[in-house]
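Here it is: the structure, laid out below.
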Amino acid sequence: MEVDVDDESLEMPELDAQQLDFPPPGRRNPRKQSGKKSLSKSKMKKLLKQELEKERKSNVFHSFSAFYEEQYGSARWSSLMACLLSKPRVACLVNKYCNESSVPPSTNSTRVPFLKLPVYESSALFPHPERDTHNVFDYYLMDAASVLVTEALDLEVGDKVLDLCAAPGGKTLGILQQLDLLQGALVANEPSPTRSKRLSKVISEYVPANLRTSIRVTRRNGIKWMEHDLYDKVLVDAPCSSERHLLHDPKELGTWTPRRTENCAKRQLALLFAALRAAKLYGRIVYSTCSLSQLENDSVISKALEKGKLDFEIIQKQWPVGERTEHGWIILPDVSQGWGPIYIAVLKKLSTKPELFEECVEDLEELQDTDGEPLLLLPGPES
Ligand SMILES: C[S@@+](CC[C@H](N)C(=O)[O-])C[C@H]1O[C@@H](n2cnc3c(N)ncnc32)[C@H](O)[C@@H]1O
């Protein structure tokens, strides 16, 4: 049985810095490396190629590290990196839609104290979730900091919610735990067809069919979300550099350049504009990422503020775990008992001028176009 987890990073193995296999930059001699006196020309060529590739990756890793060291300082970055290399911490979100809940699922589990929702942590591994008589799973494994993102939406009875970047669906489930689906409604959007499938699967495994009629899964490019002034709450859990994931994927890490975070920031700003446009007057927008890069966090909010035309205010709140930033809040694993990384900023929309939001989006160049997917309705009881 497949156990869905909130974000793919939770599926990572533990590593230590040596396993990264990135020695300090500097050319090595393949003849010396092999320990043999004479090598054939082709073998020599192959070894040299391998050495060059190793050296290239090593250089990339060192510039990646230097980039974050500049932002966090060397002491903080080294403790942060050690935490990012360790296995992510997992909590268990109890599913209120399950009618046979055996939760807490292990005798060792204790409630995560900083959350309102019933979320448990345990020193032991959680067993696989179980299905009830309606085929609905009893709990979902995710980072407790991700649950906090959904609590930041401050959901109320009857809220109409848009989850703009929703797959694989951990935060969608967090939202669904706080919504009354008889009165409220949720639109969960994910443009990638495979990830959208996974999102639909997660929802259908955790919400009974008769309640799914209030949920829509869409496959649109969030940047081009055209509805405006419609939603009480909008979550933008934006695609980001996801450095924890990168550190566990040497191939991906080998492609890192500072451009990566700059490009992410552009797309994030466009998604934030779309979310601001979609929200109702005085509606709440929660912007979140799992990035460590300031460019993708506070700077995105600063840029939206700089635009001037966009009328919103920042709601600054003291959260029980993590650290304040200029415009929001960041939960980093080295000082937040292993939870995170998660950045959260909470905004309130103060004017309704959709044409201004469009102008702002048009200002951004080269935005990736993933539009064109039709609406996908989740199977309800009638199908
Ligand atoms: C950080 S993940 C979301 C995680 C999800 N909220 C959860 O808790 O399980 C970001 C998602 O945004 C999607 N995405 C990428 N570009 C997008 C766009 N232009 N509009 C909307 N979503 C996009 C990615 O495919 C990815 O699934």
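Any Cβ shown, glycine's included, is placed from N, Cα and C.
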Going by TrEMBL, C165, A166, A167, P168, G169, G170, K171, E190 bind S-adenosyl-L-methionine; tell me which of D232, D237, D249 is listed for that site too.
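Record check against TrEMBL: S-adenosyl-L-methionine site with C165, A166, A167, P168, G169, G170, K171, E190, extra candidate from D232, D237, D249 is D237.
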Taking only the Cα atoms, work out how far C165 (S-adenosyl-L-methionine binding site) lies from C290 (active site, nucleophile), in Å, as a whole number.
13
Count the other Cβ atoms sitting within 10 Å of the Cβ of C290 (active site, nucleophile), across every protein chain shown.
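Here the count is 26.
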How many Å separate the two farthest-apart Cα atoms among the S-adenosyl-L-methionine-binding residues C165, A166, A167, P168, G169, G170, K171, E190, D237?
13
Can you name the binding-site residues among A167, G169, K171, D237 whose CA is within 10 A of the CA of C290 (active site, nucleophile)?
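Among A167, G169, K171, D237, the ones whose Cα sits within 10 Å of that of C290 (active site, nucleophile) are D237.
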Given a 10 Å Cβ-Cβ cut-off, pick out the one of the binding-site residues C165, A167 that has the most other Cβ atoms nearby.
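It comes out as A167.
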